[in-house]
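Engineer: Okay, so TrEMBL annotates it like this:
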{"type": "DOMAIN", "residues": "378-615", "note": "domain 'ABC transporter'"}
{"type": "TRANSMEM", "residues": "53-74", "note": "transmembrane segment"}
{"type": "TRANSMEM", "residues": "94-118", "note": "transmembrane segment"}
{"type": "TRANSMEM", "residues": "175-193", "note": "transmembrane segment"}
{"type": "TRANSMEM", "residues": "199-220", "note": "transmembrane segment"}
{"type": "TRANSMEM", "residues": "283-305", "note": "transmembrane segment"}
Amino acid sequence: MTAVAPPAPAEIKYTGQYSVNPMDGVSFRALCARIPSVMKRIAGMSWAVDRTAVVLLVVCQVTVGLSAAGQLTATSDVMRSLFGDGTVQERLHQALPALIFVAVMAALSRTASAVSAYGDRRITPKLTTEADTTLVSSVCQVEAAAYSEDGFHDRQEAAEMGVIRTHVMVADAQQLMSSLIQLVTACSVLAVLDWRLLPFLLLAVLPAGVGSVLTARVDYEIHYANIANRNARGMMRWWATSPKYGDEVRANSMSGYLLYWYRILSQQADERSLAAAPRILRINLASAACGGLFLVATWAALYWLAATGQIAVAIAATAVFAVRTTLGALTQLVRSAAAVFHTSLYLGDMTTFLDEAQEKAPHRGELTVRAPLDEVCVRGAVYHYPGKDKPALDGVSLTLKRGQILALVGVNGSGKTTLTRLLAGILLADEGTVTWNGTDLAEVDPDTVWALTGLVPQVFAQWPLRLRENVNLGQPRSGGDVPVWEAIDAVGLREAVEDLPDQLDTLLAREIFSGVELSGGQWQRVACARGLHRLPELLIMDEPTSQVDPEGEHRAFETLKAMAADRITIVVTHRLENTKIADEIVVMEEGRVTEHGTYEDLACGDGTFARLLALSQDR
Ligand SMILES: Nc1ncnc2c1ncn2[C@@H]1O[C@H](COP(=O)(O)OP(=O)(O)OP(=O)(O)O)[C@@H](O)[C@H]1O
């Protein structure tokens, strides 16, 4: 077999309504004007997580600033004494108190800086956790339809960067504050010495500030252009490295192609970064050249003032310190302002996404539904997935009564899963209604619906939790472990669980130290046990036994029959023999119900069900 070179992955572009970089066309002034509002937001977020630490930070910043002013003023006294009259010993003796004061101020400044770093360490982890959990909970709470919207996941990826930036946010804001305070104090001292030096100094650092903001903007542009690549790369990384898919990757010799794909995606992102490098170099060179020029002018002005006798040599010597302190504070100020600005870009994405998630959270109504659930009724339901012209459901009507088992069958893509999502209120119909006990789900608080629902989906989660929580999903029923064992018995898993090292306490995640892995069928039995453990009013099982052996499957369906009287049960299945347990079978085709009846009616008829049944027995 000749090896064929693999096709390169398509260039992924972040497109659609949200693909426009929010920074495009925004003026430099507008960019700088964002900084105070970002500082306010950072202060607000920090205040919310740790007020004491915020107060500590402010006190420390003020202390650092005041001690800088004290050091400068005392330095001026030291210089005056050193350049004054008398012997060297006398002049040194005279300068001693001011020197001691400088040392005390320096110690105070260092201590305040250390305490301030402590304050930062107190706030930052809480802030990051807060931002992270807010993001996760917002995504968990959006209407399920939002997941199908174009670019939703990409915007979530962009928002993740805002969370990551919270690591440095407080440190950046704190440096900005501290350099601002130091600057004000140093400038005041310098102004008292000779105000004519100030404009030169400002001009010396301004180009660095402009350069930093422009560089931050270019960085963000690259970040924005790479969002889709990062998103796809992250998913690919997980799928390629997760042990769950390790066999498939190896036995199908996929590693080569996956790595090739992963590398190309990374290279596409790198190319964008490299293309921007010359722009950043030009910005940095220009800002360094302008800054250097003005700095030379500052020193020249100082020299000229001293040489022409306009300021005393002692003052000029102090001015050297003041210029250095001011320069340091100014440089720090522009750097941290640029960093805060940089952070603001990512925080902007995060808050935009959180606002979007808030908008997409269910706003359905205040009505509630309560057990017992006697009837679920679908009337003329139509549903389109976002961006799709063809409806996934096209005018479905049916009524389900308490105690009834309904089987949903049909070819792949005929709309069975979508119908179950509407019945459980996960999706709302575009047209028509779904009612529970006569109440339209569009007006009901969805939490009250889901409190009465148990869903075993086709693709179920394998939670990295202990076995107990994998069954009760962290919602234990009264009776301790008894109901958990009952659910485990109902799916025939007791023996396997008893063999586990810690039984119900066993962690089901091979990737985590001391965790164990179950077989595919055992995992599916656990998923079924979850649905049964909830004793729901509406139980939906979508292909619940596709990986389970015949004995387990038989047992699961026997259990369903035994439990059916107290609920409405829906089973989606391609194994048509299993539909014998159903009181009614509904056959779906292209989003419509085309046949319904009992197994005997449909099997003896000449419709789709009979055709599919014959095919399933034709071996
Ligand atoms: N999240 C989604 N976003 C967009 N389209 C979707 C989504 N889920 C399903 N669809 C589309 O809706 C149609 C019905 O899908 P559905 O999953 O309901 O079919 P099904 O009958 O359950 O199929 P299967 O037997 O394969 O499970 C299909 O055309 C499918 O492509």
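Backbone N, Cα and C define each Cβ position, glycine as well.
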Engineer: So which residues does the transmembrane segment (283-305) touch in its own chain, when a touch means Cβ under 8 Å and the partner is 6 or more beyond its ends?
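Structural biologist: Long-range Cβ neighbours of the transmembrane segment (283-305): 194, 196-197, 200-201, 203-208, 210-212, 214-215, 218, 311, 316, 319-320, 323, 327.
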Engineer: Could you tell me the mean pLDDT the prediction assigns to the domain 'ABC transporter' (378-615)?
Structural biologist: 92
Engineer: Can you tell me which parts of the same chain pack against the transmembrane segment (175-193), counting only residues 6+ beyond its ends and a CB-CB cutoff under 8 A?
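Structural biologist: For the transmembrane segment (175-193), the far contacts come to 35, 39, 57-58, 61-62, 64-66, 68-69, 72-73, 76, 116, 201, 311, 315, 318-319, 322-323, 325-326, 328-330, 332-333, 335-337, 339-340.
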Engineer: Taking a Cβ cut-off under 8 Å, which residues six or more beyond the ends of the transmembrane segment (53-74) line up next to it in the same chain?
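Structural biologist: 43, 46-47, 98-99, 101-102, 105-106, 108-109, 112-113, 115-116, 118-120, 122-123, 170, 174, 177-178, 181-182, 184-186, 188-189, 318, 321-322, 325, 329.
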